Amino acid sequence: MLPPALNIPKWLEANSHLLQPPVNNYCVYHPSSPATAGYTVMIVGGPNARTDYHINTTPEFFYQYRGSMLLKTVDTSVSPPVFQDIPIHEGSIFLLPANTPHCPVRFKDTVGVVMEQPRAEGAVDQMRWYCRGCGEIVWEKQFVCTDLGTQVKEVVEEFGADQEKRTCKACGTIAETRFKEGEIVQPPRFVE
């Protein structure tokens, strides 16, 4: 028998406490569940101001349920890479192409839904930090994704605990693990 539809407002009423830093997400449909055909569906809350960029071998679908978010991306198909901020407003959707470095910045009292396709067996995810001084890669780690929530947290904590990993080899700038308060401006809630 198929499970019932998930009512987002009711789910949030009962479970919003599960959306905790540093990842702020909860997997409502896990890829190992038979009914999901391998898809991962997460409810993600704010605030989340991590500076890492995630690289996934499959596209990611974003639906912004409440409030607005900013999806920081890097186009690595050109040289030098181009940094682009994509606002995703309440009620909006966005499909991020596979292998696009992205840093989702979520603000207080915002909620979104993210859906990921099944990864190929042995597919490698990456977490990457870029230098905010010169744009070079400061540090990155590759891993086979089996549990996004716990693995991302572990990589973020590993990076944050090691100043050598956080130091840019090109210019010496020390990368932070979080944006400073007020450094990122929240896009308008709705499309203007």
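Using the three backbone atoms N, Cα and C, a Cβ is placed for every residue, glycine included.
Taken straight from Swiss-Prot:
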type    : residues                       : note
BINDING : ARG50                          : O2 binding site
BINDING : HIS54, GLU60, HIS102           : Fe cation binding site
BINDING : GLU60, ARG106, GLU116          : substrate binding site
BINDING : CYS131, CYS134, CYS168, CYS171 : divalent metal cation binding site
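Summarising the environment of the residue listed as 'O2 binding site', the number of other Cβ atoms within 10 Å of its Cβ, over all protein chains shown, is 24. Ranking the binding-site residues ARG50, GLU116, CYS131, CYS168 by the distance of their Cα atoms from the Cα of HIS102 (Fe cation binding site) places ARG50 first.
When the alpha carbons of ARG106 (substrate binding site) and ARG50 (O2 binding site) are compared, the span between them is 9 angstrom.
Close to the recorded divalent metal cation site, the chain also has ARG132, GLY133, GLY135, GLU136, VAL138, LYS169, ALA170, GLY172, THR173: residues not among CYS131, CYS134, CYS168, CYS171 whose Cβ is within 8 Å of the site's Cβ mean position. Cα spacing between GLU60 (Fe cation binding site) and CYS168 (divalent metal cation binding site): 29 Å, rounded to the nearest whole number. The two recorded residues, CYS134 (divalent metal cation binding site) and the residue listed as 'O2 binding site', have Cα atoms 19 Å apart. Under a cutoff of 8 A between CB atoms, and with a sequence separation of 6+ in the same chain, the neighbours of GLU116 (substrate binding site) are TYR39, THR40, MET42, ASN56, THR58, PRO59, GLU60, PHE61, LEU148. Considering other CB atoms within 10 Å as the measure, the emptiest surroundings among the binding-site residues HIS102, ARG106 are those of HIS102. Taking the centroid of the Cβ atoms of HIS54, GLU60, HIS102 as the Fe cation site, the other same-chain residues with Cβ within 8 Å of it are TYR53, ILE55, ASN56, LEU71, LEU96, THR100, PRO101, CYS103, PRO104.
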